[in-house]
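Sending over a structure as structure tokens; questions will come in a sec.
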Amino acid sequence: MFFNIFKSSIKGFLLNLPTPINLNYWYGFGSMLGLIYSIQIISGLILSWFYFIDLSGGFKSLILIMQDVWGGWFIRFIHSSGVSLFMFIMYLHILRGLIYGSFCKVDVWYSGILLLFICMGSAFLGYVLPWGSMSYWGMTVVTNMLSAIPMVGVYLVETIWGGSSAGVSTLVRFFSFHYLLSLFIMVFILIHLILLHECGSSNPLGVYYSCEKFTFHPLFSLKDTLVFVLVVFLYWFCIFVCPYLLLDAINFEEINFMMTPSHIKPEWYFLFIYCILRSTPSKLGGVILMVMAILMLVFLGIGKNLGSVLMVKTLYWKLMLSSFLLVFIILTIMGGYTVEYPYDILGNVNSVLYFFIYVIMLLYSFMFNFVY
């Protein structure tokens, strides 16, 4: 009986879901994220069986996984490449929402932004676990930014570190938090899907007619199957062709507590906010701007459906969105360079442009919602 109830729930939740007939491949990113997340959970579980933390950290366990465990290199590359694919497709998923005005579905949009924050936190914690030179010093720099919080900042940093400096106890905490946040992601994915299915999916035209819908299976499930083939190909390419492309070479060095790397940088999907952070002379101001760089997406959800649908069809919105995407790419590239001329100037200018275009987009959105 329980199996029949579970089967009918899954069937109604996924297969018989009413779906607009004009969805294109831009709407397949959510399914791709679900597949990659499942692969990340399985590969992460296998890696946790062989990952250990000793007095020198987790660097030796990574060498053990890569050299002594049968197929360990394969699982490790699946997990390390999967997070880059996951964040890249998540950014495309957000871009699709900006293009087609999906932010008018406020509950779904807000749950997605919260999910983005949790995924970024989990990705950062996982980046620290190899305990290489770049992982350690990057973690030290990022966590030390919390000391900019008035009154409680220093105590918060020492609590996270487990002492007056980052060490093995910090790594133990990060491993636990990485595991917990992965489970939280699963919960918020379910919340995101429930909210999406409650209000219904948007479509490229922005029209809402319940009669112009098909069940998700078999037409759209077949389309998602083709998307899954693309995901498998991307995994194959990243694992067997360029597994080290997105990994920093300095992270293959064991930690030297007496010497920092000449240029500390995070993973590529954090480079745009890292560039904004280092372009701000104030530590507290940099932390605030770094958070606001993503949190400002929340304000796009404040408005009416009609105004948002009409706004995203205008030429001005498309020009602003294209400019915003270009600035985002430039910030990502500049964040990977050292702080020297002309990269520092380009980073400062594009950081200002990033928020300027954001404010213009918000004002344009408020104007449309006021008129319509």
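Using N, Cα and C of the backbone, Cβ positions are placed for all residues, glycine too.
This is the feature table in Swiss-Prot:
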type	residues	note
BINDING	HIS79, HIS178	heme b b562 binding site
BINDING	HIS93, HIS192	heme b b566 binding site
BINDING	HIS197	ubiquinone binding site
TRANSMEM	29-49	transmembrane segment
TRANSMEM	73-95	transmembrane segment
TRANSMEM	108-128	transmembrane segment
TRANSMEM	174-194	transmembrane segment
TRANSMEM	220-240	transmembrane segment
TRANSMEM	284-301	transmembrane segment
TRANSMEM	311-336	transmembrane segment
TRANSMEM	344-363	transmembrane segment
Ten-angstrom check, please: count other Cβ atoms within 10 Å of the Cβ of HIS178 (heme b b562 binding site), all chains counted.
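A count of 20.
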As a test of the contact definition, list every same-chain residue at least 6 positions from HIS93 (heme b b566 binding site) whose Cβ is closer than 8 Å to its Cβ.
PHE29, GLY30, LEU33, GLY112
Could you state the whole-number distance in Å separating the C-alpha atoms of the residue listed as 'ubiquinone binding site' and HIS79 (heme b b562 binding site)?
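Checking the Cα atoms of the residue listed as 'ubiquinone binding site' and HIS79 (heme b b562 binding site) gives a distance of 30 Å.
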Sort out for me which one of HIS192, HIS197 has the most neighbouring CB atoms within 10 A, since those are the binding-site residues we care about.
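Per the Cβ count within 10 Å, the most buried is HIS192.
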Using a Cβ cut-off under 8 Å, which residues of the same chain at least 6 positions beyond either end of the transmembrane segment (311-336) come close to it?
95, 98-101, 206, 265, 268, 270-272, 274-276, 278, 343, 346-347, 350-351, 353-354, 357-358, 360-361, 364-365, 368
Let's check the environment of HIS79 (heme b b562 binding site): how many other CB atoms sit within 10 Å of its CB?
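Summing over all protein chains shown, HIS79 (heme b b562 binding site) has 19 other Cβ atoms within 10 Å.
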Are there 3 or more C-beta pairs under 8 Å linking the transmembrane segment (220-240) with the transmembrane segment (108-128), counting only pairs at least 6 apart in sequence?
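Counting Cβ pairs under 8 Å, fewer than 3, so no.
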Counting Cβ pairs under 8 Å to the transmembrane segment (220-240), which of 73-95, 174-194, 284-301, 344-363 comes out on top?
73-95
So which of 73-95, 174-194, 284-301 has the most C-beta pairs under 8 Å when paired with the transmembrane segment (344-363)?
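Result: 284-301.
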Provide, as an integer number of angstrom, the distance between the C-alpha atoms of HIS192 (heme b b566 binding site) and HIS79 (heme b b562 binding site).
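With the alpha carbons as reference points, the distance is 24 Å.
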